[in-house]
C-alpha cells in the first residue's frame, strides 16, 4: 500500500515537471514568434497559407467553419471554462490559478493587438457565412490581428478538459476517444480561422502557443 502510494506520488511529480517544462517552452516560443511577427517575417507565409487553403477547400466549408467560429466565441468558451472551474471548486474546494491565467489571455491579446504591427487580413479573404456576432467580437478592434485570442482560449479549454477526463475517467476508451476528438477540434479551429479570412497563419500559431503555455502552467499548479 505504501509502495503503491509512493509510485503514484512519483508519477504526479513527474507529470507536474512535464507541465512546467511544456509551459516554459511554449511560452518562450510564443515570445520568439511574437518578435518575428513584429518584424514582419511572416507576411509571405501568412498570405500564401490563406490563398492555398481558400483555393484547395470547397466553399461548402464556409458554413461549418463559420459555426465552429461562432461556438468558439469568447462568451461561449468563457462560460465553459467558468463551469469547469466551478465544478472543480465544488468538488475539491480549491480556487485554481488556472482561472486567473485564463483571464490573462484577454490582457495579452489586447496588448498584442495594440502594439504588434500585424494588420488584419483584408476583406477580400472573408468567407464568414453566418451574419451574427457576439458582443465580444466588437470589443477589440485595433486593425491588428496578433495573436488569435479565439485560438488561445479554445486551446486552453481543450487542454483543461482533456486533463480532467484523463484524471477522473477510468475507462481507457473514453480517454482515447476524447483525445482524438480534441485533436480534431484543434485542427478544425486552426484551419477555420485562416480559411475564413479571420486571421493569418502566424496569428493562429501564436494563439496555440499562448493557450498551451497558460493551460500547462495551470496544470502544474493543479
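Glycine is no exception: its Cβ is also placed from the backbone N, Cα and C atoms.
Whatever TrEMBL says is automated annotation, not expert-curated.
Feature annotations, reproduced from TrEMBL:
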DOMAIN    97-219  domain 'Phosphatidic acid phosphatase type 2/haloperoxidase'
TRANSMEM  20-45  transmembrane segment
TRANSMEM  65-87  transmembrane segment
TRANSMEM  99-117  transmembrane segment
TRANSMEM  144-164  transmembrane segment
TRANSMEM  176-195  transmembrane segment
TRANSMEM  201-220  transmembrane segment
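Against the transmembrane segment (65-87), the recorded stretches 99-117, 144-164, 176-195, 201-220 differ in Cβ pairs under 8 Å, and the greatest number is found for 144-164. Residues 34, 37-38, 40, 78, 81, 85, 140, 142, 144-147, 149, 152-153, 156, 206, 210-211, 214-215, 217-218 of the same chain lie 6+ residues outside the transmembrane segment (99-117) yet bring a C-beta within less than 8 angstroms of a C-beta in it. When the domain 'Phosphatidic acid phosphatase type 2/haloperoxidase' (97-219) is classified with DSSP, helix, strand and coil residues number 89 helix, 2 strand, 32 coil.
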